[in-house]
Each structure stands twice: as C-alpha cells, then as structure tokens.
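Everything on this sheet refers to the single structure shown next.
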Amino acid sequence: MFDIIWLVVVLSYDVVVVGGGHAGCEAAAAAARVGAKTLLITHKIGSIGEMSCNPAIGGVAKGVVVREVDALDGLMGQAIDKASIHSTILNQSKGPAVWGPRAQADRDAYRTAMQDIVLGYKNLEVLEASVIDFSTDNEAGSPCVASVTLSCGKVLHTRRLVLATGTFLGGMIHVGRDKGIPAGRMGDKPSTRLAKALCAHGFMLGRLKTGTPPRIDRSSIDWSATAEQKGDLVPTPFSFLSDAIVLPQVSCYITHTNTKTHEIVRNNLHLAASCASLVDVAAPRYCPSIEEKVRRFPEHKSHQVFLEPEGLDSNSVYPNGVSTSCPIDVQLEMLRSIRGLENVRMLRHGYTVEYNFVDPRELHHTLETKKIKGLYFAGQINGTTGYEEAAGQGIVAGANAALSLSQNHAPFVLKRSEAYIGVMIDDLVTLGTSEPYRLFTSRAEYRLRLRSDNADMRLTEMGYNAGLVSERRFGVLYNKKQEMDRLVDELHRTSITPHTLSKCGIFISQNGEKKTAFELLGHPSITMDILIQLWPSLNSFSRAALAAVGIEGKYAPYLQRQAADIQSFLEEENASIPADIRYSEVHGLSKEAQEKLQRAQPFSIGAARRIPGITPAAIANIIIHLRCRGRASHQNS
C-alpha cells in the first residue's frame, strides 16, 4: 500500500494535472518528460490507473492509439504489457491497416504497474487532494492560469493546468428509478465544485453518460454452456520496448442473450434510469446498454455477451455486452436468463454515470482552451469515451502544457496524416461532439499509413525532437531503422526472373523482366516467408525487421500514392475557394454540407475544414471539384 501524501515541499509548479486516470497519468508524465516541474493531483492515490469499466486495453483503431502513445514514450503500453492475461490481434483476416491489438488485463496488475511508474517518475510529484477552483491573471490582456485551490483551502501556484477529470466532473450515478448518487465512480466522490468553477470562468458545460455492467462470480458460471475464445498463441506486446508478455494467458468465453432476456429488459424499461427520463443525455452510440440494444434493435433475437476474467487471482468476471441501469433485482433476473448464467451470483450491480463535458470546439489543436491561456483539457471532459482516447489526449495536453512554458518550443500538434491521435483531436476541435466520441478506422483518411506496426516509425523521432521521448527509446528506433534500411537495400539488390520463379512454383507475369525481391512483395500471393524460402540469407535479419519491411513492401505503391495525396492536401489547405462557387455542383456533397458551406462562405480549404459538420470526405470532394474547375478554365483560355 502506498503512503498517502498530505503535504508537498513547494507550493509552486510549472504544470498541475488534475485527475489520476488514463488521461491524467499520460499528461503528467508527458509534462515531466519535457522537463516541467509537475504535480499530479488525484482524490485517491490508490485509484491511480484504475480501469473503471472494462478490463481491457486496445481494439480496432484504439490499439493503434496505444501504440502511438507508446511511441511517444507514454505509459499505457508498458503498463498493459505487465498486466495482459489474454492478448489478440483483431481483424487478422484483413490487411495490417485495420489490425487491432487488444489485451485483457488483470485489473490489479494494471493498476499496480501504472502506480509503480507514476509514483517513481522523474520531475513528477503526486498529491492526494481535491481541486475545487482555479484562478487567472492577465497576460497581455488575456486571462492566464495562475493557481489552483484545494478543498482544504491551500492554494498552489502554477503556470499551466491540465484538467483530466474523467466522469468525476459533476458525476452522478443512477440505478433504476432511485435518486441519483453524486459520484464519479461507484464509491468515489465527484468534482462538483470544480464544475461550478468552470461555469464561473465562462465555460458552457454539457452532459453525457456512460454505463457499466454487473460483475459476476466466476464459480457460479456454467462454463460448459459457453464458447471458449482463446488468445493468440504468441501474445504481441503493445510497447515497442517490451520483449514479451510476462503473465500467464487465459481464455475468454462467449454466450448470448435471448428472447427471454429481451422480454425481461423490455418489461422493465420504464424502471431503467437510462430509459426513464432520469438521465436524458447522450450515451455512447457504439457501446450501448442492454436496454438501448433491446429498444433500438427489436428485430435482433440475441446479442453477444463476452465473459472476460478480471484477473488471474480474481473471482470476478466482466460480462461485456450487458451494461445496464435497471434495478438490481431486474439485473439479476436478466443475467440468469442467459445461457450459462442460470445460477450466476452478482458481485456488483451495473449502473449509469452521467457527467459534465465541455464543447471541444473551445480548444486549440494543442488542447489548450481558447478562453484561458495555460488551461488544457484531456479525456472525457472533451466528450470522448475510452481509456485509449483519453491517453492519447493526455499525452498531447501534457506535452503542450510543458512546451508552452518556453517561447523556444513549437507546439506539439499531430496531423490527421500522422496519427489516429491527430484524427481524433482534429475531429473534436473542428466538429465537436454531441455524444461520447469513439475512434474507428473509418474516421481516418490515411489508415493505410496509420498502422499499429509503424507507430514508432511515424512518431518517435517527432516526439524526440520535441523533448518528449527518451534517448533510450530513440536509440531503439534508430537501430530498428538501420536494420530495416539494410534489409530494404538487400531486397532491392536481389532479383529473379519470372521463369526461375515458375520453377519454384511461384507464378507471376511471364514478361521475362527480372523482378527485385522488394518488388515481389507487392504481389498479392508473395509474402516475406516466401522470400526467405527463396533466399535463406534473409534469415540473418530479425523477425521484427522482416515483418515491418514485409508490410511496407506489400503496401509500397499505395503508400507512395498516399504520400503524394497527403502532400497535395497540405498544400491545398491554404488554397482559396472562389466566392462564386456553387456547392450544389460539387459531386458527392450532401445537402447538409452544401447548406453549411453556403451559409459560412469559407475563403479557403482550411476555413472550410473548420466548419462544424463538414467532414474530411466533403473537403476532398471540394478539392477535386476545384481541380476540375481549374483544368476546365485553363482549357477554355
């Protein structure tokens, strides 16, 4: 058990971070890495790194974000590698561009791993306290963060403040029709006074909600009635610094709801907090409660329920798929209607939690607020949902909070073409959100480039140049790049004719022209393993280098075209839009987009991109239209 810190030696910090969740931990560590004297304030030190909802990290798009956080020397990847008990790569039947690393975690092991990292971090102190307010000074005529006030009355001076409050900002828990309980998580008090302070400083707060399912007793489940779901035979670590997964691996299991389950839920919808107008705020669209599933999809006879162990030594199981705010007795009845759970014991009931968030359009791409200099938001306060989304915002907010202390440092901003984190932040600050925002591969225009395997190649050097990445990690990247370059050179120097290939049972276009080994990788049926069979000397390279170059070679022609598209897109960001443009003539533009553009009359592509509701696809259509218009004008002249 960690000692509680009641006092701190100094009363002034460069950066103060409020919240010890996934966003707060990454923000505090990032600020400390850049060199700022940083203080992390959390209401309970023992809850640092707590997985409030599902015991898992990663998934489709989300897993790429974890890799990106790790590439920037973040914490999440290292922590999950010490706690993973069921690891898998989702979408393995599809291309690497949509692979999604995911790991079930031992809750206690993850929390311990994160606390071990945070409590021993250089330049970072941790204080157990509650922040109730913050003050500002005027800097060049604009308000700027000056201090934070604790519930005990103590004032801490700081030049930069990161709020990563999660579901605690004005948090309220609901179960059934009972009166809501003020809490950010079951058993933990909310940050009510801080929410009022934000309002006093001119921020308009909205409300969102999320939910969690009951926890059930492992020993009361009839596992023979469920389907086993094994993890990957060789677990893949999240961190580029991890050699292997250390904990034993276990299976997850699948069962399904049925018509009886749905009847029980349907008969009690009027008693569920989420459906009884007690919590009339937006819920996560892509992680709905069982009440929402039954109501929105009446044609479905069943829904999957994933039974996920919460730890190697824990008797608690997380039934993923039945998040609920029904009364407790209804929750148990509903669970016992599911195959394999007929005699299940409930260890903890499910609930809905509603909380405050701020319209993320009030932020710059650095996640600094437009209203107050030095004030940054990260995580669910920006309208997102998910551990991974929170961590990605945390690392950007913390880094920029520290970098902004010096005029010699440029802001750390990730573009949509550079990272899923960049896609997410750009979506948030330009489009805003009216419901909990979640990342998907479909949100990224350049997902062929934004893969989980190359996050370090994309971001580590960028982070190193910003002072965010350690010499050790940069050295690992440098060595990896050197080996990959040697391998690519070897593949370009090695060639073979189609005729010789055919003798080996490999058939390509019989035009007589020699093909280099690297060019062969672009053939649909040729993999790096086949090249190794042809040229065994390639085995002298590491499996990591062979895998990375294999993917790059497979996608090489497409990546080259995409790189040209990205460069063209960036150049056209400042391209002017003629005042006489008719948006009704732009092919592929929705009526809604046409109306918004007509009203706003943006003068450039960049200005059009920042109109709420105008998607990247719409921008691409406008660019194509302007190109065609330009060519037609040139031909006519």
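Each residue, glycine too, has its Cβ placed from N, Cα and C.
Here Swiss-Prot flags Gly19, Gly20, Gly21, His22, Ala23, Gly24, Val131, Ser191, Gln380 as FAD binding site. Around Val131 (FAD binding site), the same-chain residues six or more apart in sequence whose CB sits under 8 Å from its CB are Val18, Ile41, Val148, Thr149, Leu150, Ser151, Ser191, Leu194, listed in sequence order. Under DSSP, Val131 (FAD binding site) is assigned to a strand (E or B) in the three-state scheme.
There are 17 other CB atoms within 10 A of the CB of Arg295 (NAD(+) binding site), with all protein chains counted. Taken from Swiss-Prot, the feature NAD(+) binding site covers 283-297, and the record attributes it to sequence analysis.
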Of the residues named as FAD binders, Gly19, Gly20, Gly21, His22, Ala23, Gly24, Val131, Ser191, Gln380, how far apart in Å are the Cα atoms of the most distant pair?
18
Which Cβ among the binding-site residues (Gly21, Ala23, Cys287) has the fewest C-beta neighbours inside 10 Å?
Cys287
DSSP three-state assignment for Glu291 (NAD(+) binding site):
helix
